[in-house]
Amino acid sequence: AFAGVLADADIKAALAGCAAAESFNYKTFFKFFAIIDQDHSGFIEEEELKALSDAETK
């Protein structure tokens, strides 16, 4: 779903960066949130989640 937005290496690095316990980074979260929240409503609607694969939403 992010093939046109992010490189595969960037996606893998992001997933690895948050795999450890207590590794939450709010700045990174909000960058990701801004990409997913396509209508800038402040919420991620079901339609916006449809752009993600099943693996990305688990």
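Including glycine, each Cβ sits where the backbone N, Cα and C put it.
Under the heading N-acetylalanine, Swiss-Prot lists ALA1.
The feature domain 'EF-hand' is assigned by Swiss-Prot to 24-58.
For ASP37 (Ca(2+) binding site), the same-chain residues that are 6 or more apart in sequence and have a Cβ closer than 8 Å to its Cβ are PHE43, ILE44, GLU48. The Ca(2+) binding site annotation in Swiss-Prot covers ASP37, ASP39, SER41, PHE43, GLU48 and rests on sequence analysis.
Remark: GLU45 (Ca(2+) 1 binding site) has ASP39 as non-local neighbours, by Cβ distance under 8 Å and separation of at least 6 in sequence. Annotation source Swiss-Prot lists Ca(2+) 1 binding site at GLU45, citing similarity to another entry.
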Setting ASP37, ASP39, SER41, PHE43, GLU48 aside, what same-chain residues sit with their Cβ within 8 Å of the center of the Cβ atoms that define the Ca(2+) site, listed in sequence order?
ILE36, GLN38, HIS40, GLY42, ILE44, GLU45
Here the 10 Å Cβ neighbour count for GLU48 (Ca(2+) binding site) comes out at 15
